[in-house]
Amino acid sequence: MERSTPLIQLIDTTTALFPLLLLLSNIQDDPTSTPQIYIALEGINVCRHGTISLLTLFFTPSNTIYLIDIHKLGLSAFTTTLERSTISLKNMLESFSIRKAIFDVSNPSDALFALFGITLSGISDLQLMENASRDDTKRILFRLSKCIEHDSPLNHAEKLEWKIQKARAALLFDPSQGGRHQVFNERPLKQEMINYCAGNVELLPGLYAVYNDKLNAYWQRKVERATASRISKSRGKNYNPHSRDNGLGPWRNEHRREYMQVYRKYGSDDDTMDSYDRRERERKENAGCL
C-alpha cells in the first residue's frame, strides 16, 4: 500500500487553531489506544534554558501535519479554546487519556514545563520503545536518524529523501555547517525548515507500529514506567538537559535475563509481572540505586 503524503498546515493565529481544536475535541479518550497524535518541538536549545519556536503535531486521522508557531503565539497557542469547550493544546498535552507519541520526551518535557507550565501525560516515548524492543544490549539510546535507517518501513529511496531534507535544513540551522539557530524564528518560515519539521513527525507512526508489535505486555509496562520517570525527572530542579547520561538506556542486560527466566517459568500475566517489578524495585533500593 502506497504511503499518502500528509498535508502540511501552518498555524500562526489563534483563529487558525480552531479547526485543529475541533478535531481534538472529537478524540475518544482511551489510554490504551494507538496514538493518533505525534509531536515534536523545534527551537533554540529546546529545554528550560532555551526557547520553543514551533510545535509540530501530526494528527493521523486527518493525515495533516500542523506547524504551530509558538514563537509568534506564545502562551496563547496552548491556552486558546473553542467556544463552549475546554479543549486546548495544553489540556490535550496534559491528558493521560489522549495518547500522544514523541521521540525522546525528556527535553521537550523540560521545556514545556519550565516555559509554559505544561506537565506532559499520556505519552509513548518511541526512543524508549525502540530500546526495549532490542534483543541485544540496551545500554545506549539511539537517535531518530538511526531508528529511521534501521526500522522505518520506508523503502530505500524514501529514506534517502528524508535524509536529504534533514541535511538541507541543517545547513540553515547548524552553526557547525554555517547555519544559525535563529532561523527557527525567522518568518516567513523557509521551505527547508517546514520540510524538516514535518519530517520529524511524519515517520513516527511507522516506527510506533514496528516497535509496538515487538513489545510484549511486560516490556510495554516497563516502557510506560520509564517514560513517566523521564517526564518526572525532567521537571526536577536538578535536571541537566545536556547530561551525557541522557543518552543511556534505563535498563540493564541482567534485567532482561531475569525477566526471561520469569517469563519461561510463569508466563506474562499481570500478577506475575507486578510481583517481578516489586522484587526489582526492592533489589534496587537495597543496592542504593533509588
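Each residue, glycine too, has its Cβ placed from N, Cα and C.
According to TrEMBL, the signal peptide annotation covers 1-16.
Sequence annotations record features per position, and here TrEMBL assigns region 'Disordered' to 230-251 (among others). Listed by sequence, the residues of this chain that lie at least six past the ends of the region 'Disordered' (230-251) yet keep a Cβ under 8 A from its Cβ atoms are 47-49, 105-107, 109-110, 113, 119-121, 123, 125, 128, 131-132, 138-141, 222.
Here TrEMBL flags 270-290 (among others) as region 'Disordered'.
Annotation source TrEMBL lists compositional bias 'Basic and acidic residues' at 275-290.
Taken through DSSP, the region 'Disordered' (230-251) splits into 9 helix, 1 strand, 12 coil.
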